Every structure is written in C-alpha cells, then in structure tokens.
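According to Swiss-Prot, the features are:
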SIGNAL    1-18  signal peptide
TOPO_DOM  19-100  topological domain 'Extracellular'
CARBOHYD  Asn34  N-linked glycosylation site
DOMAIN    41-81  domain 'EGF-like'
DISULFID  Cys45-Cys58  disulfide bond
DISULFID  Cys53-Cys69  disulfide bond
DISULFID  Cys71-Cys80  disulfide bond
CARBOHYD  Asn95  N-linked glycosylation site
TRANSMEM  101-121  transmembrane segment
TOPO_DOM  122-140  topological domain 'Cytoplasmic'
Amino acid sequence: MSMKYLMLLFAAMIIRSFANSGNAIETTLSEITNTTTDIPAIRLCGPEGNGYCFHGICIHARDIDGMYCRCSHGYTGIRCQHVVLVDYQRSEKPNTTTSYIPSPGIVLVLLVSIIMCCLLFVYRFTRRTNKLPLQDMVVP
C-alpha cells in the first residue's frame, strides 16, 4: 500500500509543479490520501448481478471492469453454466508410495526382535558347550 501512496504523491507533485510553474511544492501524503478513495479490487456485484451466474457467485473485478463468476465446485464456464464431468484434481486416488513405507515403530520392533533372537541363540549355544565335559572337547 505504501508504494501506491508514494506514486500518488509523486504524481501530485508533478501536476502541482506544472500548475504552479515553479512555485514551492507543499503537497503532503495526508492531503493526497484524504482526497482518494480506496476501491477494493474485487467486490460482490450487487443487484445488477442477480441471476448473472447460474451456479456461482457474481464478482465485480476492478481490473477487468466487468462481472466475473466464481463457480461452485463441479461447475465451470463464463457464467458457471457447464457441469464438470470428472474432477481429476479432487478425486481421491490411493497413495501407493506411502503405503509401502514402514513406520519407524515397526522397524524398531523388528530390529529389537532380531537382536533378541541372536542373543538367545548365543546364550543357548554357550550354555550347551559349558555343560559338555572337558574330555569330549579334547581331541586324542
């Protein structure tokens, strides 16, 4: 918004300089902003737009200086008169890429289970070898 006011101030200074033909310029930003009205870029049409849009809201856009329709979901066209048969943007497709990614919790449980199985195997193997008599372990 400040750029808009600076441009208005600059334009007013130039106009005054031509009008005053060399006199001192005493225009301030408050003088310019008090005289200008701020028109919104987009506003509702009002009574003249009743019935203009078939399936949507009538909007008056300052840039195009005319009525414009903002269509409801499922409709398209200048006056929202056409039905959209297939809406690809809003159709829900199964997200296959994320369904194959395991969660960190599952990976952690699987890793702990593998470590526990390895420790159990080592414990049983060392227990068996400790129970054998020394004679069986010595080769003649």
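Cβ coordinates are placed from backbone N, Cα and C, and glycine is handled just like the others.
For the domain 'EGF-like' (41-81), the DSSP-based tally of helix, strand and coil residues reads 3 helix, 17 strand, 21 coil. In sequence order, Tyr52, Cys53, Gly56, Ile57, Cys58, Ile59, Gly77, Ile78, Arg79, Cys80 constitute the residues six or more apart from Cys69 (disulfide bond) in its chain with CB-CB distances below 8 Å.
Taking the Cα atom of each, Cys71 (disulfide bond) and Cys45 (disulfide bond) are about 14 angstrom apart. The C-beta environment of Cys45 (disulfide bond), restricted to residues of the same chain at least 6 apart in sequence and closer than 8 Å, consists of Tyr52, Cys58, Ile59, His60, Met67.
Taking each Cβ in turn and tallying the other Cβ atoms within 10 Å, the top scorer among the disulfide-bonded residues Cys53, Cys58, Cys71, Cys80 is Cys53.
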